[in-house]
Amino acid sequence: MLMFVFAPDIGWVIAARTIQGIATGAATSAFSASVVEHAPQRHKKLGTIITSIAPAGGLGLGALLTGAAVQFSSQATAIVFTALAVIMVVGTAVAAFSAETVARRPEAARTLIPRVSIPRAARGEFLASIPVHMAAWMLAGLFMGLVPTIIRDLLGLHSGLLNGATAFVEPAAAAVGGLFLGRLTARRTIFVGGVGVLLGTAVIEAGVATGMLSLLWVGGIIGGVGFGASFSGAIRTIAPLAQPHQRAGLFASIYLVAYLSFGVPAVIAGLLIAPVGLRGTVLGYGVAVLVAATVGLVAQYRVNARS
């Protein structure tokens, strides 16, 4: 975060983003496992829901507050990243004083090496969840990565607050959807979420095609609820299949798929804007999300039929 504050050029920004990305990937799986393991036995379900909605909620709040900072301050960069640095210090302190949930083993330093692992008992569910994660996080990448450009270049609107508010809609709806649809069974939550991603993406595509901001917002809300529901349901399905000492590696595998789906398609889309055009790129991106969501629903149906 401090590198972002003092970065003198784009090279430093890229370096800071690389370090921050590695740190996020390394910490998220351990934090997720810790939340589930520290949750009281009667609240394990709530623990898995929290781990699934926290990333989306954080993305949404970050986008909204950043947009407000850009709109109302000339020192937005310093404000945003200094605030994040303070939050990280507090979070690190809390983590440092939290009790360990598994027994310490010899050669503890080796446990600091990042690992992904999928317990045998969870492999079937994990494989069936891959297209679900891909669709949900690709949609999030579309909103966080391309919607500000859509608002500026396709709609001709120039407002930091509007950009932040629009980017906030989808992940905020994801957090709310993941929380309130948690009352459904995990499998049903995935199905509802997958349908939400399909419908939301279709509405967003219509908004891009017609240049209507209202459709982007409506599609973001519907798709966001679908994102939160499908991701939450998938984690609730998979997490109980791992033993406590296996959960960090399993969550690392889940977030590896999630973050690759969040970042890589958005980068590819950015490269395609020049030769294909912004509208064509976004419409093609939406088709890819629709395909992934459809494959995910079919995979979940087959797994459910076998169980």
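Glycine is no exception: its Cβ is also placed from the backbone N, Cα and C atoms.
These come from TrEMBL:
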- 12-36: transmembrane segment (TRANSMEM)
- 48-72: transmembrane segment (TRANSMEM)
- 78-103: transmembrane segment (TRANSMEM)
- 84-307: domain 'Major facilitator superfamily (MFS) profile' (DOMAIN)
- 124-148: transmembrane segment (TRANSMEM)
- 160-182: transmembrane segment (TRANSMEM)
- 189-209: transmembrane segment (TRANSMEM)
- 215-238: transmembrane segment (TRANSMEM)
- 250-276: transmembrane segment (TRANSMEM)
- 282-301: transmembrane segment (TRANSMEM)
Best-packed against the transmembrane segment (160-182), counting Cβ pairs under 8 Å over 12-36, 48-72, 78-103, 124-148, 189-209, is stretch 48-72
Same chain, outside the transmembrane segment (124-148) by at least 6, Cβ under 8 Å from its Cβ: which residues? 56, 59, 63, 118, 163, 166-167, 169-171, 174, 190, 193-194, 197, 200-201, 204, 216, 220, 223-224, 226-227, 230-231, 234, 237-238, 241, 250, 253-254, 257-259, 261-263, 265-266, 269-270, 278, 281-282, 285-286, 288-290, 292-293, 295-296, 299-300, 302-303
